[in-house]
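Worksheet for the structure shown next.
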Amino acid sequence: MKLQLIAVGTRMPDWVTRGFEEYQRRFPRDMALELIEIPAGKRGKNADIVRILQKEGEQMLAAIPKGNHIVTLDLPGKNWTTPELATAMNKWQLDGRDVSLLVGGPEGLAPACKEAAHQSWCLSALTLPHPLVRIVVAESLYRAWSVNNNHPYHRE
């Protein structure tokens with residue numbers, strides 16, 4: 001199974017890139033984690049946020065291979081514990097489809113992305129900076145993988 005993290009924003013600080021890559025490289029080849037960056041629309045004083053969100057959403061959806069299971073990261077989503085995420089990941093594997101996880105920009109996800117989603121995951125009730133979300137998602141997915149594979153990384 002392939003995991004895709006599709007996130008709005010490019011040119012992240014080095015610490016974000018290093019943090020994400022640290023967890024990305026830990027995954028085995030049969031569970032690859034890929035990052036796809038979508039350029040953020042220009043936001044200024046007179047920016048048309050609705051149009052920006054729509055365009056970002058179109059680009060995100062275009063990046064998803066046909067047949068992928070789509071999971072949005074969104075506040076109204078389900079709060080998963082590590083064991084619940086591990087169970088979800090196991091179901092995704094048994095389903096035989098690759099998974100695309102969508103992270104929006106400062107205003108969140110486009111309505112079209114939310115409508116296309118098969119599941120929605122609330123990473124935290126806290127407001128997290130979008131660059132940090134990439135690392136937290138990568139670590140959480142790796143931890144869930146480690147639970148499913150009896151790897152010593154996760155301890156209860």
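Glycine residues also receive a Cβ, built from the backbone N, Cα and C atoms like all the rest.
The model shown is predicted, which means the values in this text are computed figures rather than measured ones.
Per Swiss-Prot, the feature S-adenosyl-L-methionine binding site maps to Leu73, Gly104, Leu123, Ser124, Ala125, Leu126, Thr127, Leu128; the stated evidence is sequence analysis. Under a cutoff of 8 A between CB atoms, and with a sequence separation of 6+ in the same chain, Thr127 (S-adenosyl-L-methionine binding site) has no neighbours. In this structure, Thr127 (S-adenosyl-L-methionine binding site) belongs to neither helix nor strand by DSSP; it is coil.
Gly104 (S-adenosyl-L-methionine binding site) falls within neither a helix nor a strand when secondary structure is assigned with DSSP, and so counts as coil.
Taking every protein chain shown into account, Leu73, Leu123, Ala125 are the binding-site residues, and of these the Cβ with the most other Cβ atoms within 10 Å belongs to Leu73. For Gly104 (S-adenosyl-L-methionine binding site), the same-chain residues that are 6 or more apart in sequence and have a Cβ closer than 8 Å to its Cβ are Val8, Leu53, Glu56, Thr72, Leu73, Asp74, Ala110, Cys113.
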